[in-house]
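Asker: Handing you this structure, nothing more for now.
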Amino acid sequence: MMKKIPVLLMGCGGVGRYLLQHIVSCRSLHAKMGVRLRVVGVSDSKSLVVPIDVLKEELNDEYLSEVCRVKSTGSPLTTLGGLGGYRVVNDPESRSETKALEELLGKSTGLAVVDCSASMETIELLLKAVDLGCCVVLANKKPLTSTMEHYDKLVLHLRRIRHESTVGAGLPVIASLNRIISSGDPVHRIVGSLSGTLGYVMSELEDGKPLSQVVQAAKTLGYTEPDPRDDLSGMDVARKALILARLLGKRLIMDSIKIESLYPEAMGPGLMSVEDFLQNGIVKLDENIEGRVKRASSNGCVLRYVCVIEGSSVQVGIREVPKDSPLGRLRGSDNIVEIYSRCYEKQPLVIQGAGAGNDTTAAGVLADIIDLQDLFP
Ligand SMILES: NC(=O)C1=CN([C@@H]2O[C@H](COP(=O)(O)OP(=O)(O)OC[C@H]3O[C@@H](n4cnc5c(N)ncnc54)[C@H](OP(=O)(O)O)[C@@H]3O)[C@@H](O)[C@H]2O)C=CC1
Ligand SMILES: N[C@@H](CC=O)C(=O)O
């Protein structure tokens, strides 16, 4: 008997598209595992595509490939039009349509609502999904770093939420931490380099390249957030740190985190467009960071954007670390997380590897969905 997991995907950018491609290319593997993923809806910022009869139909693989093709050209989902058997629902109706889909499937077949957007606007739909008994899988960190009230509601049914890709992309950071927590081993310190973008940027700066050039390259490689200032401000790392801290039971909010930004407030999102920042703003930062890299080098050190969680303190910012240290040896988009607990007191548990990229992130999301299979008929 084949288990069927209906999937509603919110967000069809770099990560979302890779996820759809992985779902299609893993069909035979999943069949051997006795599970089938039925994609019953895909949304972007403006619309939702769904089969006319979601209980019986799904978006077939040919259509999913077409969705990926259209979105990779930068076009909205509306361009697809309503091909035979499918409907495109535009804003604002797409939100009520999403809720109706959650209601219908949440109570019958079950539904995995997968958030691969980078938006705050999905929170309402996710909370509704949780209320209706749906499962939730997140690559998007924003819902988990909203208010404590939102956080508590999202994680109310721990078995029904998965968010491995929110920290370290496909790396098993959340899973490892959950295992330590559930064994009663108290975690007292987490130190890490949690940004693929900033890891890549820092190691490329060491090779003498200018900041403006390497940030653009990180964006092209799919490491950055849609607005790279989300990475350069330290906000993306702060979100990951907050997710880890909350997992440890710390009732913290974003304002409690000390965050160092790589750009001045005058270049912030409210005052400059992304395009203007990348074309004209960031070059003004090249000289200063080059000086910092050289000073660190003269001390036998390199710069790393480091996150430290200890007690009730969470800090993220640039640190000079010895070249010949685990953090100093980190290259490219790799992340490293060191977890210190009673069992891992002197020798921390270390998780290291590719910490960003659409492919590896989508793989983490797919593994999360498959991990929920026991909850589906
Ligand atoms: N790339 C990486 O290495 C990693 C990414 N992540 C997380 O994955 C998420 C996606 O990243 P990425 O794919 O690079 O981002 P993209 O900007 O490429 O894609 C975001 C997608 O979300 C859509 N979207 C925006 N608002 C909404 C909404 N309200 N409802 C539904 N869809 C919406 C966008 O629509 P439209 O196309 O219309 O703009 C777009 O399709 C982010 O939250 C990121 O932090 C996590 C770990 C690693
Ligand atoms: N922009 C993020 C993507 C993963 O969370 C990063 O650079 O680490």
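Cβ coordinates come from backbone N, Cα and C, glycine included.
Those TrEMBL annotations? Automatic predictions, nothing curated.
Below are the features listed in TrEMBL for this protein:
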type: ACT_SITE; residues: LYS240; note: active site, proton donor
type: BINDING; residues: GLY11, CYS12, GLY13, GLY14, VAL15, GLY16; note: NADP(+) binding site
type: BINDING; residues: LYS141; note: NADPH binding site
type: BINDING; residues: GLU225; note: L-homoserine binding site
type: DOMAIN; residues: 172-370; note: domain 'Homoserine dehydrogenase catalytic'
Asker: Under a criterion of Cβ-Cβ distance under 8 Å and sequence separation of at least 6, what residues of the same chain contact GLY13 (NADP(+) binding site)?
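Answerer: Counting only residues 6 or more apart in sequence, the Cβ neighbours of GLY13 (NADP(+) binding site) under 8 Å are ASP44, LYS71, CYS116, SER117, ALA118, PRO226.
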Asker: Taking the centroid of the Cβ atoms of GLY11, CYS12, GLY13, GLY14, VAL15, GLY16 (NADP(+) site), which other same-chain residues have Cβ within 8 Å of it?
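Answerer: Checked against the 8 Å cutoff, the neighbours are ARG17, TYR18, LEU19, LYS71, CYS116, SER117, ASN358.
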Asker: Want to know which recorded positions, from GLY11, GLY14, VAL15, GLU225, LYS240, are within 10 Å of the residue listed as 'NADPH binding site' at Cα; which are they?
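Answerer: Checking Cα-Cα distances against the residue listed as 'NADPH binding site', the recorded positions within 10 Å turn out to be LYS240.
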Asker: Any idea what DSSP makes of VAL15 (NADP(+) binding site), helix, strand or coil?
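Answerer: The residue in question, VAL15 (NADP(+) binding site), is helix (DSSP, three-state).
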Asker: Could you give the Cα-Cα distance between VAL15 (NADP(+) binding site) and GLU225 (L-homoserine binding site), in whole Å?
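Answerer: Counting only the Cα atoms, the answer is 11 Å.
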Asker: Counting every protein chain present, what is the number of Cβ atoms, excluding its own, within 10 Å of the Cβ of GLU225 (L-homoserine binding site)?
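Answerer: Taking all protein chains shown, GLU225 (L-homoserine binding site) has 19 Cβ neighbours within 10 Å.
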Asker: Cα distance, the residue listed as 'L-homoserine binding site' to GLY11 (NADP(+) binding site), nearest Å?
Answerer: 13
Asker: Tell me whether the residue listed as 'NADPH binding site' sits in a helix, a strand or coil according to DSSP.
Answerer: coil
Asker: Let me know how many other Cβ atoms fall within 10 Å of the Cβ of GLY14 (NADP(+) binding site).
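Answerer: There are 22 such Cβ atoms around GLY14 (NADP(+) binding site).
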Asker: What is the one among the binding-site residues GLY11, GLY16 whose Cβ has the most other Cβ atoms less than or equal to 10 Å away?
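Answerer: When each Cβ's neighbours within 10 Å are tallied, GLY16 tops the list.
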Asker: Around the residue listed as 'active site, proton donor', how many other C-beta atoms are within 10 angstroms of its C-beta?
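Answerer: Around the residue listed as 'active site, proton donor', other Cβ atoms within 10 Å: 25.
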Asker: Taking DSSP three-state, what's LYS240 (active site, proton donor) in: helix, strand or coil?
Answerer: helix
Asker: Is it possible to get the count of other C-beta atoms within 10 angstroms of the C-beta of CYS12 (NADP(+) binding site)?
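Answerer: CYS12 (NADP(+) binding site): 25 neighbouring Cβ atoms within 10 Å.
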